[in-house]
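S.K.: One structure, pasted below without further comment.
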């Protein structure tokens, strides 16, 4: 009888724990692991929400406006591709596209050439390398407004270099590009290259420091000179850095706005007009919201045409390796 009562007695907490295989400590550990897995999602969810609304949401909104007859205020009278046609028919847009071609090509080529040269210089393990690296990187720490304002003072014929040389007695010296319609765009190139070259240098220097030095030593033992080693061995291995630098610089060139406004104000006249200044002017100054939205969408498509293939090429090897 006693054995039957024991058989029908309610199981104790210890019996339940032993039967289920989970002690209170194990359950707490499982809860903690679940919380740690969910915590990053909880922390990042506000940022993701804000990004979806204020980045991608406004991209969709701008795209919709570009197909309407919006002027000072948004309206939803469908206009199809009318605003895109108006943008391409406007002479200022053609000036902006031409200036962007000059500015972007010189900006990218000069930044990469100067950045690579500075990186090779610092890769020689010279003295004061840390100080020089900080000196070359310093301009990138400045805002575009500060850079534009500083170079506006430097290039001002009555205040900067021209006045300095005149005070030294070289009265025939004249550097008035900033007020010259044909040369003003090159002053924007000068200021932009000065600011970004150090950043490109840091990218190339990181790439140089990641190259296997055994290859360099083997080439040196075989009698190859250092210029040939850089040309045939080192620089070809920097291809990923070249591609990354190219994408970043083109992206910066397309969206350049603050530097141009601070340096030249898109002038003299419209001689330094870029798509970004065109977009701002027509959207917020001339109350042509539809035209401004259309120009912004075309700028976005230009950047996407460069960024999407780059991101695809970067992610494709990872997907292949993950598949294996």
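Backbone N, Cα and C atoms are what each Cβ position is placed from, and that goes for glycine too.
Note that the structure is a prediction, hence the values are computed from the model and not measured.
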S.K.: Tell me which range among 73-98, 229-254 TrEMBL lists as transmembrane segment.
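M.R.: Feature transmembrane segment in TrEMBL: residues 229-254.
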S.K.: Do you know which of 157-182, 183-208 TrEMBL annotates as transmembrane segment?
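M.R.: Going through 157-182, 183-208 one by one, TrEMBL flags 183-208 as transmembrane segment.
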S.K.: For the annotation transmembrane segment in TrEMBL, which listed range does it cover: 265-288, 289-312?
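M.R.: In TrEMBL, the transmembrane segment feature sits at 289-312.
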S.K.: I'm a bit unsure how to read this: which one of 38-61, 100-122, 134-154, 183-208 has the highest number of Cβ pairs shorter than 8 Å with the transmembrane segment (229-254)?
M.R.: 100-122
S.K.: How about long-range neighbours of the transmembrane segment (134-154): same chain, 6 or more residues beyond its ends, C-beta under 8 Å?
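M.R.: Residues 118, 160-161, 178, 187, 190-191, 194-199, 201-202, 256-264 contact the transmembrane segment (134-154) from elsewhere in the chain.
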